[in-house]
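Visitor: Sharing the feature lines straight out of TrEMBL:
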BINDING   Gly147, Asn200, Ile201, Ala202, Glu203, Phe204, Gly205, Arg206, Asp271  (6S)-NADPHX binding site
BINDING   242-246, 261-270  ATP binding site
DOMAIN    12-274  domain 'YjeF C-terminal'
Amino acid sequence: MDLQSSVPHEQLVAAVKDIVPILDSSSYKGQSGKVGVMGGCREYTGAPFFAATSSLRMGCDLAYVFCTPAAAPVIKGYSPELIVLPDLIDTEESSKLLAEGSRSALTGLHHLGGDCWSEGDTYLTKRFNDNIRPWLERLSVLIIGPGLGSDAWVGRCMRETVAAARELNLPLIIDGSGLNFVAETPEIVAGYSSCILTPNIAEFGRLAKAVGVELPGKIGVHWQQQSRELAAALGGPLLLSKGREDVITDGTQLLLVQADGSPRRCGGQGDVLTDTPLVWVDTPKRLRSMLQQLQGAAVIGLDTEHTAHRSYLGVTCLLQLSTGTTDYLVDCLALHDCLGLLRPLLADGAVLKVLHGGANDVLWLQRDAHLYLVNVFDTEKAALVLGREERSLANLLRRYCGVTQDKAHQTADWRLRPLPQPLRQYARGDVHWLPYLAGQLVAELQARSPSTNAVGCNYL
């Protein structure tokens, strides 16, 4: 792939900060943006909620969710902050309308033929114009696809929405199920430059097939090599191909985003570009900031990386901490003289520290940094009590978390600076799942012996 530009992580973070609205008492509601999300059906309600809520947390003032009637009560129940509009027609809703005697009313609007689909088209157009289009005129941007599903009537409503958005020059982001409808009729977005398509690799393949772009071999990240060709064939929309490295292209220019992200994409939340944040801590200021963020945490995963290359005793090079929602890598080499700031946290009996096979970690932290751990849960010891023959972290993660761990960097030289990205990902993988894993093991211990007061039960 002939890359024209690569976006460093620091530059990406700075760009994101620039677009987050600044709170100002002189601003009015809606000035910081109104985001619409078209998605949500009986089967899928999580994705539109996460998309809309994420917009609010990033600083927009108002978030609207356009969904089917069956999804509306569920999505509304998730959060009172969302404006939920049950105006999408699905097959179930269309059947109800026809059964309630709407057939004659539909025919009277303007007759396109004698079949149900033609009458439905007429009603769909009227309902769209009456209920949805006025809301579109208020929006700053519309996201189409999270939890949209595959219902044919919803697809028709989605296509009507795209057509109206183009008339209004409303910026669009099409993701998830919305991309499947685009693959069926790519002409609805062709030539529209105010549109962003965000396919994962499977959706990438469907879009490529729809516009006649040939992809080599079986499905895989190598398909992203044709990102520029796919964007050019669509003739307008910006393509953001999601993968280990996200590719952004308009068919001419191309950017490669190498920001750290999680290799795991949870179902029901929609595909996301980045999941758990990874924070590199190598200055006293960042260390204090991390400790402030960890205030109130009840459970923290902990691990260390140690190297004995050209050293008699070896040296602790890295300390990994994780709450399960944020991972931290503390550079013990750069912060050797400041590690004492960690003592209150690690000695706090109200915070459970979860380790796996932590005997060496405890020894190294005491020897190299005079850090002492209070209130420790060791997942290896818990697996031993449960009678597990395979007690390695890799086996426990596979069993309880469905995660396959790559141990290729187990004997790496952790003194390397800057620490390469593969080593950073490996290090966070050793600690990220520990809080969740401990909770699973404690539950199993309690189920096996309810009277047992397993360590950590009050925390997990």
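Along the chain as shown, residues are numbered 1 onward.
Cβ coordinates come from backbone N, Cα and C, glycine included.
Since this is a predicted model, take the numbers as computed values, not measurements.
Could you place these features in context, so I can see how deep they sit and what lies close by?
Guide: Around the Cβ of Gly147 ((6S)-NADPHX binding site), 29 further Cβ atoms fall within 10 Å across all displayed protein chains.
All protein chains shown were included, and the count of other CB atoms within 10 Å of the CB of Lys242 (ATP binding site) stands at 21.
Per-residue pLDDT, averaged across the domain 'YjeF C-terminal' (12-274), gives 83.
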Visitor: Return only the integer: C-alpha distance in Å from Gly147 ((6S)-NADPHX binding site) to Lys242 (ATP binding site).
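Guide: Just about 18 Å between their Cα atoms.
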Visitor: Compare the C-alpha of Arg244 (ATP binding site) with the C-alpha of each of the binding-site residues Ile201, Glu203, Gly205, and give the closest one.
Guide: Ile201
Visitor: If we count other C-beta atoms within 10 Å, could you say which of the binding-site residues Glu203, Asp246 has the fewest?
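Guide: With the binding-site residues Glu203, Asp246, fewest surrounding Cβ atoms within 10 Å: Asp246.
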Visitor: I need the CA-to-CA distance for Glu203 ((6S)-NADPHX binding site) versus Asp246 (ATP binding site), whole Å please.
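Guide: So the Cα of Asp246 (ATP binding site) lies 14 Å away from that of Glu203 ((6S)-NADPHX binding site).
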Visitor: Cα-Cα separation of Lys242 (ATP binding site) and Ile201 ((6S)-NADPHX binding site), in Å?
Guide: 7
Visitor: Measuring Cα to Cα, how far is Gly205 ((6S)-NADPHX binding site) from Asp246 (ATP binding site) in Å?
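Guide: The Cα atom of Gly205 ((6S)-NADPHX binding site) is 15 Å away from the Cα atom of Asp246 (ATP binding site).
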Visitor: Rounded to a whole angstrom, what is the C-alpha distance between Ile201 ((6S)-NADPHX binding site) and Asp246 (ATP binding site)?
Guide: 11
